[in-house]
């Protein structure tokens, strides 16, 4: 029999509200609507299907304060992660929202009404408290960055009535709700289930440690990877799920089940580990594997870990009795080539030869096409990873040139385009500043906000082309550091981004200006002109800095080509 839900009752709102579906659906059409973001959709789905039991909606201020301050909901139940619905003052005013109002929650992807929220309260988001108490306070933490850059200024708390479940078009058969997974366990006759959380591909070591954990507890294995929002730069979930499916037959027959979890991770370390344990308990698991630095975001810019290596294990252990799910501490296993087996590192005698491949080394081997041995991963898994991680010389990239008007960006960009076309091997796309302004951003002006929007449009196009394997050359002025950083982040999700600062002096740009644009700006005929009455913020971390007043275009292009060659973007075979 599956484990009892957290709080005693599985809050399956979809099942609870199904008899009133037609009535709720009609009402939802008549109410004002909040269109949910991707993260909000992930949260709503797990509220509605009971994955976040005992929650029945988004947290009001009492619940939010209790969770932030002591991991407690207002009713005393343990819960470690704030689950909140943020909204701007503008949305609240436009929809005339207040305590007691009912509002529809709508899916941005297909405009479907998913739920009705009865508002309990609207309160200012205490981002400082949330950042410090929940995530540790480091401004470089991805969850804190999200708080400070994406989350609106108010939270709306209240209970949910479910109207429709979210539509999914990928791996539908593997997206078990908690109730469905519990039924599946009962059908299989499983009473002890070890859940394994991951956001990465699984290899031989993962298979070994999950089998060992199950064997020691006379249990079965639930492979329960996150396929919602994970850490930027992670391997996409489509690739990962294909790899999990390929791995599954390597388990003893009938030992393991694969189920997908549409969770939006916060990378919250200890707090997140408790949250993950609650979620797995709600899905029926009796045991949960917690690893070293579980759900940690890695290191900050100083090379420091955000959390201690065993903080997550200690946090879950602290609440183990209340959680009602047994913690299985992740054992670091290593390969012994002499006996062709994996063993926990603390069981290997001194002097015995061991082999390991780090995550960084694996990525390097995938990038370069180097051999990945069968002792590390199964051939069928490696094949899938190689299909989604082609060698560097076939991958797309973006070269982003920034500098003053008439600094030589366009000349460099055109010459680089010709050189890359001559090189061959990939399509080459050119995004010149004037061209983009004419074709994509003709309605935008030159305010700081409009300039930022223009750069984000360039970044979006560049990221899509890069993802498709093209070489992209972008050459806008891009005067603001925050815009360039946002562009780098957007493109880097799909490929490499190289920032080239064309640091030609303003005086030279103005002196050689044959179009007379600087003269018009000096005369006041053009307002907000970069270098005249609007600042240019020099890049903090350019890959190359060049100067057309001191270098030829040919030599600058050669520098860029050498950079690309050094990074492996040309076939060396």
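If you go along the chain as it appears here, the first residue is 1 and each next one adds 1.
Cβ from N, Cα, C; glycine included.
Positions annotated as active site by Swiss-Prot: 198 (among others). In the three-state DSSP classification, residue 198 (active site) falls within coil. Sequence-distant contacts of residue 198 (active site), defined as residues of its own chain at least six apart whose C-beta falls under 8 angstroms from its C-beta, comprise 206, 223, 224, 225, 226.
Residue 199 (active site): 20 other CB atoms within 10 A of its CB, across all protein chains. Annotation source Swiss-Prot lists active site at 199 (among others).
Per Swiss-Prot, active site is recorded for 200 (among others), and the stated evidence type is sequence analysis. Counted within 10 Å of its Cβ, the other Cβ atoms near residue 200 (active site) come to 16, all protein chains included.
Around the Cβ of residue 197 (sulfate binding site), a 10 Å sphere holds 25 further Cβ atoms from the protein chains shown. Under the heading sulfate binding site, Swiss-Prot lists 197, 199, 295.
Per Swiss-Prot, the feature ATP binding site maps to 197, 198, 199, 200, 291, 292, 293, 294, 333.
Annotated 3'-phosphoadenylyl sulfate binding site per Swiss-Prot: 434, 435, 436, 437, 451, 477, 478, 515, in sequence order. According to DSSP, residue 477 (3'-phosphoadenylyl sulfate binding site) is assigned to coil rather than to any helix or strand.
Per Swiss-Prot, region 'N-terminal' is recorded for 1-169, and the stated evidence type is sequence analysis.
If you average pLDDT over the region 'Catalytic' (170-394) in this model, you get 94. Residues or ranges marked as region 'Catalytic' in Swiss-Prot: 170-394.
Positions annotated as region 'Allosteric regulation domain' by Swiss-Prot, on the basis of sequence analysis: 395-573.
Taking a C-beta cut-off of under 8 angstroms and a sequence separation of 6 or more, residue 203 (site 'Transition state stabilizer') has the following same-chain neighbours: 376, 377, 378, 381. Residues annotated as site 'Transition state stabilizer' in Swiss-Prot, with sequence analysis given as evidence: 203 (among others).
Around the Cβ of residue 206 (site 'Transition state stabilizer'), the number of neighbouring Cβ atoms within 10 Å comes to 21. Look at Swiss-Prot and you will find 206 (among others) tagged as site 'Transition state stabilizer'.
Residues or ranges marked as site 'Induces change in substrate recognition on ATP binding' in Swiss-Prot: 330. Reduced to three states, the DSSP call for residue 330 (site 'Induces change in substrate recognition on ATP binding') is coil.
Ranking the binding-site residues 197, 293, 295 by Cα distance from residue 477 (3'-phosphoadenylyl sulfate binding site) puts 295 first.
Fewest other C-beta atoms within 10 Å: among the binding-site residues 293, 295, 437, that description fits 437. Within 8 Å of the Cβ centroid of the sulfate site, not counting the listed residues 197, 199, 295, the chain contributes 198, 226, 230, 265, 272, 276, 294. Counted over every protein chain shown, other Cβ atoms within 10 Å are most numerous around 451 among the binding-site residues 451, 515. Of the binding-site residues 333, 434, 477, 478, 478 has the largest number of other Cβ atoms within 10 Å of its own Cβ.
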